[in-house]
Each structure stands twice: as C-alpha cells, then as structure tokens.
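Everything below concerns the one structure shown next.
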Amino acid sequence: MPEIQLLLDNNVKWAEQIDEEKPDFFDKLSKQQKPKYLWIGCADSRVPANDIVGLLPGELFVHRNVANMVVHTDLNCLSVLQYAVDVLEVKHIIVCGHYGCGGITAALKGEPLGLIDNWLGHIQDVASKYAHELEGLEGEAKDDRMCELNVREQALNVLRTSIVKSAKAAGKDIQVHSFIYSIKNGRLKKLGQDMTLPA
C-alpha cells in the first residue's frame, strides 16, 4: 500500500513544516475553532477550499458535496449549516461552485447513472427554472452558465433555511456570498451581490 504510506509521509512533512514556521500553531488550533466563514463547495478534488482562499486549518469551516448543493432534505448539509451559524457563529456563508463541474454536466445530459440520479434531479430542477437563461447556449458555454446559476440558486437556498431565518431574527448579521472557481486559471469570481435577509 505505497499510496497510503505516501499520504502518511506527506502528513509528517506538512506538520513539521507548519511547526517550523509557526511553533505554537497546533497548540492554539487544538484549543478552539472559531472560523469566520462557512464554505459550501463541490466535492471535486481539484477545488481545495482552504488552499484557494489562502486560509489555514481552523479559519474556514467546510462542507462539500457533488455540485455544491443546499437541499432542504439534506440533513448533513443542514447540520453543518446549523453548527456553523449557531455554535461557531460564522459571519459569512460562501457557496462556491466551479466551471467544469461533472455533476452539472451529468445533470444537463440527463442520462441515467444510478443512485446519483436522485441528487442530480435537484440540479435539473434548477436548469428547468432558468431554462430561459440557458436557451441558445451549447456545450461548455451552457455548462458554465449552469454552474453559475446553480451557485446563485444554492445561495438562495441557504437564505431560505429556517437556520438562517432564525439567526437573522435573533439579530445575527450573516452574509451569503456566491463564488465560482475556474480550474483553468485558479481564480475565484464573485457572482452578483452579497445576500442577506431583509431586517
């Protein structure tokens, strides 16, 4: 199992490097977690959340799934959201998608793939809702636009949760941001204005 040993060896090198650069880092990290941000992103291995925004462990609370979805029946995502808002008291929730998302492409193709079809159905619902914006687009242009539309819709889904509504009613200031990441150049782009529930 040399592939697994490689991970363990890499971990030792990483920990030693951090320890050399910041000798008290792990001691401080072990005592508290107080990130300002919740990141809801895609599970794609090419989109490493902490790395692309230059944050260290402990600075970004992360939830990932196929196509960065926020679904009202997904207890995993909702549990992460509630913990982030109620316990960690994050100030910013970022929904980040990426161009070239396999989940988006698969949903638009509509070919049966098995169990994941249940998940992709939510993306197909978003595509139906915004069909007028996708009209006339083909190939990569259509996929890219759908990636953007999906991010915006998932950000709206965050705002629609009882978790965020309750936090707002309790006077918490939470902003929801929509980002899209380009794997081709490593850059993030903000989509539209930040969102917050009206007072």
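Just so you know, glycine gets a Cβ as well, placed from its N, Cα and C.
Small disclaimer: the values here were computed from a predicted structure and weren't measured.
For CYS101 (Zn(2+) binding site), the same-chain residues that are 6 or more apart in sequence and have a Cβ closer than 8 Å to its Cβ are CYS42, ASP44, ALA67, ASP143, CYS147, ASN150. Feature annotation from TrEMBL assigns Zn(2+) binding site to CYS42, ASP44, HIS98, CYS101.
Fewest Cβ neighbours within 10 Å among the binding-site residues CYS42, ASP44, HIS98: this applies to ASP44.
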